[in-house]
């Protein structure tokens with residue numbers, strides 16, 4: 001009897017299983033590098049999209065930090081198992097762009113799938129980074145940020161600093177006062193040293209990082225960040241490092257905790273640090289634009305973005321691409337973007353989402369979140385401040401950090417370190433150029 | 001009286017060797033030959049285009065002053081780690097070999113660190129000694145010592161050496177302890193009766209009898225510092241500051257996996273492979289002569 005029931009049950013199950021292909025759900029793999037609160041945001045976006053329709057299912061998976069996620073994706077591609085969507089940080093852009101065949105350009109994807117798509121609806125300072133010189137959008141902007149200066153208002157007040165410093169000389173001055181007022185180990189500091197002091201510094205002062213519009217106009221580019229202005233700035237940091245008026249805090253974002261703990265009262269890092277600052281800082285803090293040298297004509301110019309975008313991998317089935325296109329259209333929705341921006345602290349990617357947030361009076365209550373937007377749109381971007389696109393940038397950033405560390409440790413002069421960083425970077429660029437033909 | 005079996009068949013011995021040969025081929029010769037082949041290629045990260053360029057990767061490698069710096073760093077790092085982890089483990093093992101009540105507990109605690117993954121060990125040390133976050137770095141600063149591994153290369157080197165040594169002590173300890181326990185007590189007692197003090201007994205009786213173990217551990221430790229330490233370095237210093245802790249194996253990892261330069265990275269691993277084979281050969285040729293089995 002039992003056996004017969006079992007047989008019946010399996011027959012029934014089989015019938016249902018056979019019936020279901022009419023409603024087959026196409027799974028779309030989404031590999032990302034978001035941790036903490038941002039990981040929740042990613043999961044919620046996927047869940048909302050899956051609930052909004054029944055043909056596709058987006059499956060997000062966390063693959064480690066930005067570099068890890070990119071490496072995992074590349075390894076998976078080599079093994080023939082690439083995900084559909086991969087989150088890649090901004091410095092991986094050139095590597096992804098040159099991988100013709102490995103990726104499916106987003107403008108092509110949207111066209112093929114017949115999804116409504118207007119590249120002009122997105123903030124140009126963001127999409128410029130991910131588009132060809134013809135304006136074709138290659139990847140879909142997801143989480144974008146920029147460098148801002150985080151300020152511990154309580155400590156500034158205690159040290160008798162009336163206004164938030166605007167220029168580098170004012171920052172140095174404030175740092176000395178902070179040091180005298182008890183911040184013996186750190187007047188000011190930063191994370192992501194090469195991003196802050198080379199990449200953003202150059203854009204903000206409208207000087208080139210490299211030729212060919214910082215590589216946006218071709219891979220045969222030469223680095224240029226050993227100019228007198230760059231040397232002067234690094235020399236200032238070297239001099240201030242001696243008594244810890246400036247104190248280098250290590251690679252990547254390792255030093256960020258020094259702001260949250262109150263050790264450093266002035267700290268330059270990503271605007272994406274907002275979520276963490278909100279959770280950890282037990283003092284009144286705000287963000288301010290990056291400082292500039294007032295004797296540089298036209299400074300400040302505008303900042304460039306950081307963060308990541310979503311790349312669609314090549315070699316997938318047309319119906320899968322249809323799903324990806326639907327998902328991107330879903331992400332572009334104004335209300336959704338506005339909410340995403342207000343919760344995560346990353347920039348809104350569409351103009352409409354920015355306008356909506358502005359109109360709602362959100363920035364009056366949360367000026368912290370408007371700083372990066374003001375920096376990015378401070379002036380019309382120039383060839384030096386539109387963005388950057390250098391091959392093997394991940395490796396290069398490490399080389400640049402190495403040279404800066406040598407200079408700050410007193411082993412090299414500012415000029416020697418920057419010359420070496422440029423020369424070593426150029427060698428990497430030449431290797432990349434040969435592989436990216 | 002002598003018992004010996006003679007197999008006349010030619011096939012059987014070879015057949016018995018086959019599984020071992022297959023494993024060696026699949027897990028060593030095949031990947032190694034792939035690395036050699038890749039070192040002659042220029043390839044993009046995705047493996048879409050590759051081009052045979054002969055020895056260009058090697059030429060580029062030996063033109064880099066940073067590569068020689070990495071060699072020197074490797075020499076300093078491996079010497080420090082091998083000497084420290086062997087001597088500290090030997091000291092602990094001799095202490096654990098004494099008749100103590102708590103010996104089993106002591107031994108268990110000694111072996112635990114070996115179960116910790118290198119990257120986890122690295123993160124642990126990173127947090128203890130981070131200049132501003134570290135629980136152990138703060139007391140150092142209070143004592144007026146300007147501890148700063150994010151900018152001072154020597155401090156960073158000390159940190160990775162400590163982490164790598166700490167990780168390896170357990171393994172060495174285990175072997176030394178086993179070696180010590182296999183030494184017949186009667187020999188040592190005879191020495192004691194003849195009036196030799198503990199130090200003299202150790203250096204004239206115990207240490208020579210431990211030499212096979214020491215030699216084995218020396219070879220294993222050299223291979224460990226050359227190949228297995230990049231996880232620790234990556235987590236503790238990321239090769240910095242200014243390349244002060246970039247060893248050869250870490251450079252292979254950084255250029256290949258993080259930088260996407262597979263050809264250059266493959267060339268480096270071939271060079272590394274040659275060095276380790278040479279080192280092992282030297283150890284067997286010259287050091288092993290001093291070993292008494």
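Placement of Cβ uses the backbone N, Cα and C atoms for every residue, glycine included.
Those TrEMBL annotations? Automatic predictions, nothing curated.
TrEMBL tags one of the stretches B:40-66, B:67-93 as transmembrane segment, and that stretch is B:67-93.
TrEMBL lists transmembrane segment at one of the ranges B:12-32, B:243-263, namely B:12-32.
Of the two recorded stretches, the transmembrane segment (B:67-93) lies close to the transmembrane segment (B:156-180), with three or more CB pairs under 8 Å once pairs fewer than 6 apart in sequence are set aside. With a cut-off of 8 Å between Cβ atoms, the residues of this chain six or more beyond the transmembrane segment (B:156-180) that come close are 73, 76-77, 80-81, 84-86, 88-90, 92-94, 96-97, 107, 110-114, 116, 118, 121-122, 124-126, 129, 149-150, 206, 209-210, 212-214, 216-217, 220-221, 224-225, 229, 232-233, 236-237, 240-241, 244-245.
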